[in-house]
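Trainee: First the structure, then my questions, so here it is.
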Amino acid sequence: NWHLKENARDHHTSKMSSEELIVRRGQPFTVTFNGTLQPEQNITFIAETGPKPSALAKTQATFGISSTASKESWSAVLQSASSSSVSVSISSPPKAAIGRYRLSVQSPASGSSSPASLGTFVLLFNPWSSGDDVFMPNKAECEEYVLEEFGIIFAGNKNHISRFGWNFGQFQGDILNICLSILDRSLYHRQDPATDVSRRNDPKYLGRVLSAMVNANDDQGVVLGKWSGKYEDGKDPSSWTGSGEILQNWKKSGYKPVRYGQCWVFAAVLTTVLRCLGIPTRMVTNFSSAHDADANLRVDEFYDADGNHLERGADSVWNFHVWNESWFTRSDLGPSYSGWQVLDATPQEESGGIYQCGPTSRKAVKEGEVDLEYDCPFVFAEVNADCMYWNYDPKTGKKTLIFNKSTEIGQLISTKAVGRDDRVDITNDYKYEEGSKKEREIFKKARKKMGLEDKFDPTAPTQQEVDQKPDISGKFKVAGPLQVGQDLSLVLVLANLQSDAKTVHAKMTAWSTLYTRRPVGEV
C-alpha cells in the first residue's frame, strides 16, 4: 500500500493524475507491505534509478531500518508492525537524483534469493524543503511557480503590450511520463546514460538539458521553430493555447518534433516541464529584445542611401522575446548569484555546440559579470546592447554611423504577478536604470570583460561618430484609424534641432515586418 492520497497531500503532488506514487525529495513518505517483521530481523531496502544503478553514482541506495531518519542519505524508520503487515517511513536525501525509482526489499528469511520488488515511484524536486537547491521560502510563490496550471503571456511591442492566456497543464494525464522521456531522449543521455541520470540531482544541469530538448534543433526535441509566416504543413505558432497538446502530439508521433513554435511556445513548454519536475519557473517577456549574433554587445543595423534596410550581419532586434526564469542555488558561482536563473529554449545561437541557453544568473547579468556560466554575454546583450544605425554604401563598402541609441534595448521586462493576472515590471532586476551613470559603467565593464574595449573592433564607431548629435529628428504618426487589410495614412513630423533654417529632402520607406522585425514586404 503506497498510501497514495496521504503521501500526495504531504508532498504537494495531489494534482498529479497518476496511479503511481509521486513524492518530493528530502521528505519522508509512508509505505505498508504484507509480511511479518521480527525485531531481530534486519530487512534491507534498495532504491535505484536509471539503466545502470550504482552506489558510487548515487543512483542506487541500500538501507536498513533505523531509529531516526537521516538528513543526508536514504533511510527507513519503522512506523508500525502487526502480525500481517509492516509500515515504514522512507526518506530520500535532499540532493537525490530525480526520476523514476524501483523499490525492492530483501529479508534474511528469504536467504540469498533476489530482493522482492515493491514497485516504482517517482521522485521530484522539493521547493518546500529547505535542504533542496530549489527551496523557495515564500509559500505563495511555490503555489504560483510550481502548482499553478494557468498563466498569462505578454507580447506585442513596447508601445502596445498585449496579453493572452496559456494552459501549462503540468499535471494532466501523461505529462509527467512525457517529461521524464524528454530527459531520456536528450543528447546527454544518449552519450552517457549512467552519468546523465546521476546528474539529475542538479537543477542547473537539468535546466540546461531541457533548454536544448524543448527545441527540435540538434536532438529531435519537442518543438520545431518557424518564423516565415507559412505554416501549411503544421500549426501556426499563434494558434496553440496550451502545452499539453504539444507534448502529447510529440509522444503520439513517435517523438517527432511538433510543428511549429515561436519564442513564447518554447518558453511555455519549458515552463510546463520544469514545473512538472518541481523546479519553480516563470515566463518573462523582454520588449525590444536584442539578438546579438556576433557577441560584441551591439546591434548593428544597416541602411542604404534611400533608407532601405539592408540584410547585412545577423544582429536583430525583436519587438518582444519570451524566455524563462527558474529558481535555484548556484553552488558553482557562489550564494550571491543564486535565485532567479535565465533559461531560453528558443534556438537563437549555439552554446557548447548545440542550441541551448542558460542557466544564466540574473544577478550576473545586472552586474555585467559576463564571464560567469552560462551564456551571460548573450542574455546581457538581449536586455542591454547598444543600437548602432549605419549608412552603408554597397559600391564602396564604406559605412558611416547615422546615430546610436544606448537606451533602446530591453524595455518593460514583464512577468505575471503571483496569485493575480497583473503584469509586474522586473526591468530593474536585469539592469540599473537605463542611461544612469551606473548602467553605463556596467556596460563598459561587460565589454572590457569580453576584451572588446582594448582591441581594435571593426564594428566600433569612432568617438567622433558617437558624439555627433543629429541636427534633425523625425517620427511617423498614424493619421486616422488603423485597420488590418486597409491602407494606412502616415504623417512624417520633422523637427529642426538647430537654430538655422534648413531645406530638407526626405526619402521615406515603410515595410511590414514579423515580430522579430524581419522585413516581409515593402508598403
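Each residue, glycine too, has its Cβ placed from N, Cα and C.
What TrEMBL shows for this protein is this:
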type	residues	note
REGION	1-20	region 'Disordered'
DOMAIN	255-347	domain 'Transglutaminase-like'
ACT_SITE	C263	active site
ACT_SITE	H321	active site
ACT_SITE	D344	active site
BINDING	N384, D386, E434, E439	Ca(2+) binding site
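Looking at the shown structure, can you explain where the listed features end up?
Mentor: Across the region 'Disordered' (1-20), the DSSP tally of helix, strand and coil residues reads 7 helix, 0 strand, 13 coil.
For the domain 'Transglutaminase-like' (255-347), the model gives a mean pLDDT of 95.
Around C263 (active site), taking its Cβ as the centre, 27 other Cβ atoms fall within 10 Å, counting all chains.
A simple way to gauge crowding: the CB of H321 (active site) has 27 other CB atoms within 10 angstroms, across all the protein chains here.
Cβ neighbours of D344 (active site) (same chain, under 8 Å, six or more residues apart in sequence): S211, F266, A267, W323, N324, C357, G358, V379.
Taking all protein chains in view, 17 other C-beta atoms sit within 10 angstroms of the C-beta of E434 (Ca(2+) binding site).
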Trainee: Can you tell me which of the recorded positions H321, N384, D386, E434, E439 is spatially closest to C263 (active site)? Compare CA atoms only.
Mentor: H321
Trainee: Same chain only, sequence gap of 6 or more: which residues have a CB within under 8 Å of the CB of E439 (Ca(2+) binding site)?
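Mentor: Result: N384, K431, Y432, E433.
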Trainee: Where H321 (active site) and D386 (Ca(2+) binding site) are concerned, what is their Cα separation in Å, rounded?
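Mentor: Between the alpha carbons of H321 (active site) and D386 (Ca(2+) binding site) there are 17 Å.
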Trainee: Would you count the other C-beta atoms found within 10 angstroms of the C-beta of N384 (Ca(2+) binding site) for me?
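Mentor: Taking every protein chain into account, the count is 24.
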Trainee: Count the Cβ atoms, other than its own, that fall within 10 Å of the Cβ of D386 (Ca(2+) binding site), considering every protein chain shown.
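Mentor: The answer is 22 other Cβ atoms.
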Trainee: Taking the centroid of the Cβ atoms of N384, D386, E434, E439 (Ca(2+) site), which other same-chain residues have Cβ within 8 Å of it?
Mentor: A385, S406, T407, I409, G410, K431, G435, R440, F443
